[in-house]
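Here the structure is laid out as structure tokens; the discussion comes afterwards.
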Amino acid sequence: MAPRKKLKGLVAATITPMTPDGKINLPVIRQYVDYLVKEQNVKNVFVNGTTGEGLSLSIQERKQLAEEWVCQGKDKLDHVIIHVGALNLPECQELARHAAAIGAGGIAVIAPFFFKPTKKDELVAFLQKVASEAPDVPFYYYHIPPLTGVKIRVEELLDGIKAQIPTFQGVKFSDTDLLDLAQCIHKNETGEFDFLYGVDEQLLGALAVGANGAVGSTYNYLGRQTNQMLQAFAKPDFALAQQYQFLTGEFLNFVIKLGFGVAQTKAVMTSVSGIPMGPPRLPLVGASSEFIVKAKAKLDSIVWPNGD
């Protein structure tokens, strides 16, 4: 595998734009790419994941989205990571081969969550069968036990994984267990793996234990502010970094109390960016007009440091 630019910093977990009648809306992705790069200073994306309703899309739709993101991101985005996880191995393998064929910068796989792996060896065997279909593409494990119910610790998973999956590049770590994350980073003394944190409201804590980036939905519309937090942390100006994290948390705490998920994320992104993200796909239902008004008012009321 040829050396590649290291994945670090912010990665937007992309939303899947849909038309009012529920079809994927490919033409707006060009505008979406430009918005992320120019307005949010975010140049990495994670496509067809949880925020993108990946498991609610058909295989053909997922391929079309992957192609469009790779196409529109050419010479604009640094990394286009395609999530290829599914409930069955053949579909994962098909999506992995497709991602490799279109030139994706990486692939990621969630643990299957109907018939679940219960032991490390079972999970690694599944991941290896997917990764081997894209032998020249960096491979990431997408760890999200709150949704999958697969609670195999990543620290345990890492032991010997490079020998079984030579393309293994790191983990999208979407869990609040910072002890597990810290132990992973402690083991990663050579820095060969990337650990990208996936719980936006706790990113500063993950940075403190050594995460080198983050994948999240809020970076679609709060990427600029979160980049300011990363810069403050790097200086280091911890007080300023805290301010950014607290304000992000203030907004998320507010909307979580109203009921916040993928559907509401689509509504917030539409409101902030002006790009029509459309409705979610059933069984999710669209955000209420009351939510949209209250969320917008809350976000508009936040005074970010440095006049942001």
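A Cβ is built for glycine as well, from the same backbone N, Cα and C atoms used for every other residue.
Per TrEMBL, active site, proton donor/acceptor is recorded for Tyr142. Sequence-distant contacts of Tyr142 (active site, proton donor/acceptor), defined as residues of its own chain at least six apart whose C-beta falls under 8 angstroms from its C-beta, comprise Gly49, His83, Gly85, Ala108, Val109, Ile110, Ala111, Val171, Lys172, Ser174.
If you look up TrEMBL, you'll see Lys172 marked as active site, schiff-base intermediate with substrate.
The pyruvate binding site annotation in TrEMBL covers Thr51, Val215.
Its own atom aside, the Cβ of Thr51 (pyruvate binding site) has 25 Cβ atoms within 10 angstroms in the protein chains shown. Counting only same-chain residues six or more apart in sequence, the Cβ atoms lying under 8 angstroms from the Cβ of Val215 (pyruvate binding site) belong to Val11, Ala12, Ala13, Phe46, Gly49, Lys172, Ser174, Leu196, Tyr197, Gly198.
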